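First up is the structure itself, then whatever we jot down about it.
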Amino acid sequence: MLTDHFRPQSFNGIDDIVIVGGGLAGLFCALKLAPRPVTILAAAPIGYGASSAWAQGGIAAAMSKGDTFEKHVADTVAAGAGIVDEKMTRMMVAEGPARIHDLLEFGVPFDRDLEGKLLLSREAAHSERRIVRVKGDMAGKSIMEALIAAVRNTPSIRVIEGYVVEELVREGRFISGVIARPDAGQSKSRVSFPARAVVLCSGGVGHLYAVTTNPWEACGQGVGMAARAGAIIADPEFVQFHPTAIDIGKDPAPLATEALRGDGATLINSEGRRFMLDIHPDGELAPRDIVSRGVFAEVQAGRGAFLDCTKAVGRHFPEMFPTVYASCMAAGIDPVRQPIPVTPAVHYHMGGVLTDGEGRTSIDGLWAAGEVTSTGVHGANRLASNSLLEAVVFAARIAENIKGSLPAPKLTAWGDNAGENDDPVTVEDSPPFKVLRQLMSDCVGVVRTRESLTRAIRGIAELERTNKRLRFANIATTAKLIAIAALQRTESRGGHFRADCPDERPEWRRRTYLTLAQAERLAAEVAESEPA
């Protein structure tokens, strides 16, 4: 599907800038690049395949009278478990308020009080109320609706929907374009898009796992593509599990937003006991990794875990949290009167393609923003509502960097050019992908061990050996990077927990940097070793 103002066949000539992905980072970057000509390639209609549109909490920004940049930085560093890049974090936090004002100018209807001031809420591990929201739990949807309208009204932005990017084209040290498959990845032909600059905004890795809150499109293709092109990947072992996905057997799992606990909702087991009080002094508002392990332990013990909102929210649930309310009622659960069954689900990837403060990757010609990246601002455990902030801050910085480093083209030509052919694959329906998802959940999940990680690496290698299609190779590459980095990190920190190494170790108070070549060598060593 294409925007109304452009109907291409296939493409020739050179695009000025190609953005891969139609989520928050991609759309915001395109808008900040205007009037530079930009082509957005999106696997699904923009907004529909993006985790951004599903975000319920909001965007964190230090804007209230009692808040400061220093407090926001301190909270981010504390949540990140010792490996946050403080310089990058200070930059992100300082630019947050300006990006909120950009979003207001693009038409985002953030909640306001009777005097017109922005309403700010508090979420887990934040010391102040600094989350800007829309209608309680509709921030992501409302932000994306506003940006989509702005993009479709910007003549310099061309949106091509239903094109799945499968490969970054590298010529020497440079990325010179991308190759994509039309018809939502189902076409037998592929199309090349040469470009002067490529911005990767392809999202996260949630659907590498059997239980996730992410849309189907978030299956790790972007990280795998970049790694296969030679990019450095950082911190891939750090996967954040949201502790309160609604446990009703849906895929993806609906999310019970962090804001519910911020407003006083409690976590109980089937015996009615608030188990988080025994685990952390902040109880339900402890960092996500700690709450996730607490919920996981109750579920594994057979006691179950439930989010009790009956007293904290009660009859105000429908208007305060309409998205969560609708998900519960559709499953026959009335959250006004009943506790909500919850389970940990993959929600966010702190790791990804390594970028600097301008969004540049380790390969010339390739920038990246959003969840596909690892900027260092999240460390080992992302602070709630910092992800949308990171997306807009670094998307804007990429736009400024490209404007300053690439002179505007005099002419952009479009024509016909059929790409290389290959057999398409519907990733979400393929048996190998289902096997991979279960393998990752079982062996590289909330709790990991040397034995489970070794089993995962061997299982991934077998799946790669028997499945040669390019899209699967990208996805399996990302899974392998996560598992290898998790095996190498012989400690527990943030979103990475090893039952056989349950404590933090000072020698591991550092980030992980990994190339695909290094991961392949380590995987070969695992394959040759004795079974764990």
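A Cβ is built for glycine as well, from the same backbone N, Cα and C atoms used for every other residue.
Note on Ser51 (FAD binding site): other Cβ atoms within 10 Å of its Cβ, all shown chains, come to 26. Mapped onto three states, the DSSP output places Ser51 (FAD binding site) in helix. According to Swiss-Prot, the feature FAD binding site maps to 22-25, 51-58, Glu371, 387-388, an assignment based on similarity to another entry.
Annotated site 'Important in orienting the L-aspartate substrate' per Swiss-Prot: Glu123, in sequence order. Look at Glu123 (site 'Important in orienting the L-aspartate substrate'): DSSP puts it in coil.
Taken from Swiss-Prot, the feature active site, proton donor/acceptor covers Arg288, and the record attributes it to similarity to another entry. Sequence-distant contacts of Arg288 (active site, proton donor/acceptor), defined as residues of its own chain at least six apart whose C-beta falls under 8 angstroms from its C-beta, comprise Ala124, Ala125, Gln240, Phe241, His242, Pro243, Glu258, His347, Asn381, Arg382, Ala384, Gly495.
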Binding-site residues (Leu24, Ala53, Ala55, Leu388), the one with most neighbouring Cβ atoms at 10 Å = Leu24
Where Leu24 (FAD binding site) and Glu123 (site 'Important in orienting the L-aspartate substrate') are concerned, what is their Cα separation in Å, rounded?
-> 21
Rounded to the nearest Å, what's the C-alpha distance separating Glu371 (FAD binding site) and Glu123 (site 'Important in orienting the L-aspartate substrate')? Just drop the number here, would you?
-> 20
Out of Glu123, Glu371, give me whichever of these recorded positions has the highest number of other Cβ atoms within 10 Å.
-> Glu371
Relative to the Cα of Glu123 (site 'Important in orienting the L-aspartate substrate'), which of the binding-site residues Ser51, Ala53, Leu388 has the closest Cα?
-> Leu388
